[in-house]
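According to Swiss-Prot, the protein has these features:
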BINDING   12, 13, 14, 88, 89, 90, 91, 92, 183, 184, 185, 186  NADP(+) binding site
BINDING   94, 147, 148, 149, 150, 184, 185  substrate binding site
ACT_SITE  153  active site, proton acceptor
């Protein structure tokens with residue numbers, strides 16, 4: 001029977017590649033998006049169908065514990081219990097700390113970090129009971145090294161690492177692995193829209209002299225979602241072209 005995978009933030013640039021890769025690998029894939037993206041999600045679903053992928057979309061504000069619980073309950077009832085969770089939802093509210101307001105801080109922490117707890121908590125018990133689970137948290141190179149103007153984002157992404165390592169210890173003997181991936185710069189609509197000088201400056205600082213393709217991030221996730229990674233837990237995979245080495 002196909003394993004069921006939920007990808008939060010699943011209709012974004014990286015999320016799309018994750019969804020299609022997991023579907024190619026034989027998973028039944030469910031994408032999540034914010035309720036405000038419902039219209040875009042319908043177009044996204046049709047575009048994936050045209051590519052040969054039948055991917056369901058469930059809306060929920062994953063920064064809300066109650067809405068996350070509702071979503072997972074509906075997925076379980078309509079599709080089945082979730083075997084693979086990819087926590088990919090994320091936003092930025094970049095400001096220098098001098099200009100950062102509480103709203104900027106809370107928005108990023110709520111979506112980028114609290115959502116990881118909110119959704120994982122809904123699937124955790126079932127994974128333990130069934131003796132199998134894969135939880136993959138999408139962090140960032142900036143959660144390892146920090147980034148000017150991203151105190152909120154860097155803190156949230158760094159928090160994922162502690163969460164991952166702690167939870168991995170609780171699931172290890174039960175067949176549930178918990179890992180993190182830390183991408184560097186990825187070629188998405190957002191990075192392609194950058195000023196050429198800014199983009200070229202970023203690329204010059206990457207040892208591989210290019211940004212990652214979304215499919216390269218998805219390939220790493222596919223490995224962590226599969227059986228061959230069953231002995232890996234509590235780990236962080238840096239997929240950053242050598243931008244940060246630790």
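In case you wondered, yes, glycine gets a Cβ from its N, Cα and C as well.
Residue 12 (NADP(+) binding site) counts 23 other C-beta atoms within 10 Å of its own C-beta, drawing on all protein chains shown. The Cβ of residue 147 (substrate binding site) lies under 8 Å from the Cβ of 153, 154, each of these being in the same chain and 6 or more residues away along the sequence.
DSSP classifies residue 183 (NADP(+) binding site) as strand under the three-state reduction.
Taken residue by residue with DSSP, residue 94 (substrate binding site) is part of neither helix nor strand, so it is coil. Put simply, of the binding-site residues 12, 14, 89, 183, 185, the one whose Cα is nearest the Cα of residue 148 (substrate binding site) is 185. Here the recorded positions are 148, 153, 185, and the one with the most other Cβ atoms within 10 Å of its Cβ is 153. Counted over every protein chain shown, other Cβ atoms within 10 Å are most numerous around 89 among the binding-site residues 89, 91. Following the DSSP three-state reduction, the secondary structure of residue 153 (active site, proton acceptor) is helix. The shortest Cα-Cα distance from residue 184 (substrate binding site) to any of the binding-site residues (14, 89, 91) is found for 14. If you measure from the Cα atom of residue 14 (NADP(+) binding site) to that of residue 94 (substrate binding site), you get 20 Å. Note on residue 184 (substrate binding site): other Cβ atoms within 10 Å of its Cβ, all shown chains, come to 21. Neighbour counts of Cβ atoms within 10 Å were compared across the binding-site residues 149, 183; the minimum falls on 149.
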